[in-house]
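Report on the following structure.
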Amino acid sequence: MSLDQFISDMPKVELHLHIEGSLEPELMFDLAQRNKITIPFKSVDEVRQAYNFGNLQDFLDIYYQGMSVLQTEQDFYDLTMAYLRRVAAENVMHTEIFFDPQGHTERGVAFDTVINGITRALNDGHGQLGVSSNLIMCFLRHLSEEKAFDTLKQALPHKDKILGVGLDSSEVGHPPAKFERVFAEARKEGFLVVAHAGEEGPPEYVWEALDGLKIDRMDHGNRSLEDSGLVKRIVDQGIALTVCPLSNLKLCVVKDMQQHPLKKMLDLGIKATVNSDDPAYFGGYMTANFNAVAGPLGLSRSELLTLTKNAIDASFVSDADKARMHQRVDKFALSA
Ligand code: ADE
Ligand code: ZN
């Protein structure tokens with residue numbers, strides 16, 4: 001079996017995916033038309049050409065603009081279903097999906113519209129495509145603590161649909177400490193907690209996410225490698241990192257894939273995983289992300305399997321579900 005085939009057929013688990021970042025330009029145009037919204041692009045090609053980013057903020061500006069076409073419950077359903085169809089075709093068994101409610105409530109779309117559309121699709125995706133999922137609500141860190149508290153309050157009636165909370169958007173200038181009290185409240189309410197840390201922000205932000213927010217899992221975490229004490233803490237605590245190779249390349253977190261820290265993380269004993277982040281903006285879904293690093297980093301098949309097994313272990317599912325997914329990977333490994 002070729003390496004391409006191996007990566008394509010390998011059962012996968014995704015732990016870092018912003019559902020709004022899976023909005024493909026084609027669907028953006030369809031929804032703009034359906035909702036009579038003007039977007040500043042004439043064609044799908046023109047949209048793709050605009051996807052050249054010098055840093056995280058360049059991307060976020062376009063990402064928040066893109067999501068303005070999402071208006072109705074059906075729009076959120078269609079967005080989520082399109083993502084699930086894509087990943088089902090890539091042998092993704094399970095996915096843990098972020099959504100950014102404040103990206104919608106801030107422009108007048110009701111919280112319930114968003115959550116009801118997404119969860120209806122997640123239920124259908126499980127039934128029709130066999131992809132299981134968990135939902136994680138992110139606070140936008142460039143907005144205030146007060147607004148995060150307000151968002152947490154809006155989520156409480158939907159605890160049956162939301163498993164965890166996260167922290168995303170513009171990192172530098174918005175350290176985890178800003179949200180320590182919101183996260184404490186979220187944990188008290190029973191939510192699991194994750195946070196983007198060390199994507200662009202310094203190792204101090206990663207320490208804060210661990211000590212202040214008490215995260216169960218870390219999103220990105222690349223800059224942790226600059227601090228050996230921090231690496232030791234991450235390894236000792238068994239904190240998994242949801243790493244996003246194509247995102248890191250497109251947002252200039254790494255210069256080229258040969259310099260991507262994924263293999264170094266594995267060598268250091270960090271539980272690293274591979275994820276797509278915002279696949280419609282960064283050039284691909286799970287398979288594309290594995291392909292992007294496998295060659296340049298010279299990853300062995302055993303390392304690729306470790307990455308998928310790390311994701312199973314770091315997922316927020318029951319031990320029985322983890323065991324079932326491990327069995328599927330073991331069966332694949334024997335036949336590959
Ligand atoms: N929101 C969507 N994608 C993000 C990323 N990679 N970092 C921070 N916020 C985001
Ligand atoms: Zn992200």
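Start at 1 and count along the chain as shown; that gives each residue its number.
Backbone N, Cα and C atoms are what each Cβ position is placed from, and that goes for glycine too.
Predicted automatically and left uncurated, TrEMBL annotations should be read as such.
Model, not experiment: these values are computed from the prediction.
TrEMBL lists His16, His18, His196 as binding Zn(2+), and of Asp124, Asp256, Asp267, Asp277 the one it places in that same site is Asp277.
Listed in sequence order, the recorded positions from His16, His18, His196, Glu199, Asp278 having a Cα within 10 Å of the Cα of His220 (site 'Important for catalytic activity') are His16, His196, Glu199. In sequence order, Arg141, Gly166, Leu167, Asp168, Glu171, Asp219, His220 are the residues near His196 (Zn(2+) binding site), counting only same-chain partners six or more apart with C-beta under 8 A. Those same-chain residues not listed among His16, His18, His196, Asp277 yet with C-beta within 8 angstroms of the centroid of the Zn(2+) site C-beta atoms are Leu17, Gly21, Phe98, Asp168, Asp219, His220, Thr242, Cys244, Ser247, Asn275, Asp278. Residue with the densest Cβ environment among the recorded positions Glu199, Asp277: Asp277, by other Cβ atoms within 10 Å. Cα-Cα distance from Glu199 (active site, proton donor) to Asp277 (Zn(2+) binding site): 12 Å (rounded to the nearest whole number).
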